[in-house]
Amino acid sequence: MDRRGGSGIALVLAGICSVQAGAAVAKLLFEHLDPASMTWLRLAFASLILLAIARPKVRSWDRRTWRAVLLLGVALAGMNLMYYLAMDRIPIALAVTLELLGPLVLALVLSRRWVDAAWVLLAGAGVGIIGAQSLTGALDAIGVLLALAAGACWAGYILSSHRVGELVPGVGGLTAAMCVAAVLTTPFGAVGAIAGVTAQPWLLLPALGVAILSSALAYAFELAALRRIPPRVFGVLMALEPVAAGLFALAIVGEGIGPVQMLALGVVVVAAAGVALTAAKDPPVTPDTGAIVQQ
């Protein structure tokens, strides 16, 4: 592997670590801010960061562009809110594992190849293990459902971000969509967030840190990586998200998972890597796709 490829892999791993460190810090803050309030703060800060980087030229957008951006904003709001609600109830690593099912199912629907069906069935086996634990009371069933809902929103994000990337150059579309997501989550989290930071102003700093780690910094790492390595290699590395989630949750939150849950996590990781490795062809890369909205 040449130096450029090696640096690309390092950037992907740095992005994964940034996202998962942000998620673990966010879970620590749940002791002071409820998940909906934390979601709103993160999206609001991420919107401000993006607006400082890119000013979308919204006056030139037609109805079709606005529709695509609004759909992306809905997907962003749903994915972030459902994910934070899920990881409040179940371990972070399992929430990430279940969320991966959304993109995996989308890959199956879009490709219709038997090999992708096999990988999704394998991932389904891992999810089935987690589901069985929720039925026996070992895991919170609502948390499992919320993580799956976050995965569905993630699939919606992938589709809508691709469309926005075609219509809006650069990160202007994503910036506007992030603002839409912040507005959509305002009824659920703004009051709690404002009350929380008013009573404890120090919360603003770690909340800003979460937005930087899970949004701006992770996006910068990922976009730089995609310029150095093929999307297929990128996809395989991104399958390590649940593993990184487990390590950071253990280090920062002190949250571990049992051997059966580790088995389920491993099965889904293998399936996600398999989908990327056996992809028919590398998809086009646009600046509007990235880890900035994941977790």
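Using the three backbone atoms N, Cα and C, a Cβ is placed for every residue, glycine included.
A TrEMBL annotation is a machine prediction, not a hand-curated record.
So that you can see what the record holds, here are the features copied from TrEMBL:
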{"type": "DOMAIN", "residues": "7-131", "note": "domain 'EamA'"}
{"type": "DOMAIN", "residues": "142-275", "note": "domain 'EamA'"}
{"type": "TRANSMEM", "residues": "37-54", "note": "transmembrane segment"}
{"type": "TRANSMEM", "residues": "66-86", "note": "transmembrane segment"}
{"type": "TRANSMEM", "residues": "92-110", "note": "transmembrane segment"}
{"type": "TRANSMEM", "residues": "117-135", "note": "transmembrane segment"}
{"type": "TRANSMEM", "residues": "141-159", "note": "transmembrane segment"}
{"type": "TRANSMEM", "residues": "171-196", "note": "transmembrane segment"}
{"type": "TRANSMEM", "residues": "202-221", "note": "transmembrane segment"}
{"type": "TRANSMEM", "residues": "233-254", "note": "transmembrane segment"}
{"type": "TRANSMEM", "residues": "260-280", "note": "transmembrane segment"}
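Broken down by DSSP into helix, strand and coil, the domain 'EamA' (7-131) contains 107 helix, 0 strand, 18 coil. Nonlocal intrachain contacts for the transmembrane segment (37-54), taken as residues 6+ away from its ends with a CB within less than 8 angstroms of a stretch CB, comprise 26, 29-30, 76-77, 80-81, 84, 170-172, 174-175, 178-179, 181-182, 185-186, 188-193, 196-197, 207-208, 210-212, 214-216, 292. Within the same chain, residues 32-34, 36-41, 43-44, 46-47, 50-51, 53-58, 65, 68-70, 72-74, 76-77, 80-81, 160-161, 164-165, 203, 287-288, 290, 292-293 sit at least 6 positions outside the transmembrane segment (171-196) and bring their C-beta atoms closer than 8 Å to a C-beta of that stretch.
The highest tally of CB pairs under 8 A with the transmembrane segment (66-86), across 92-110, 117-135, 141-159, 233-254, 260-280, is held by 141-159. Scored on C-beta pairs under 8 angstroms, the neighbour of the transmembrane segment (260-280) with the top count among 92-110, 117-135, 141-159, 202-221 is 117-135. In summary, the transmembrane segment (92-110) lies against the transmembrane segment (141-159): three or more C-beta pairs, each 6 or more positions apart in sequence, are under 8 Å.
Helix, strand and coil counts under DSSP for the domain 'EamA' (142-275) come to 117 helix, 0 strand, 17 coil. Recorded stretches compared: 117-135, 202-221, 233-254; the one with the most Cβ pairs under 8 Å to the transmembrane segment (141-159) is 117-135. Residues 11-12, 14-15, 18-19, 21-23, 25-26, 28-29, 32-33, 38, 41-42, 45-46, 49-50, 53, 196, 290-295 of the same chain, all 6+ positions outside the transmembrane segment (202-221), place their C-beta atoms under 8 angstroms from a C-beta of that stretch. Within its own chain, the transmembrane segment (233-254) has Cβ neighbours under 8 Å at 5, 8-9, 12-13, 16-17, 19-21, 23-25, 27-28, 91-97, 100, 222, 225-226, 262, 265, 268-270, 272-273, 275-277, 279, 294-295, counting only residues six or more beyond its boundaries.
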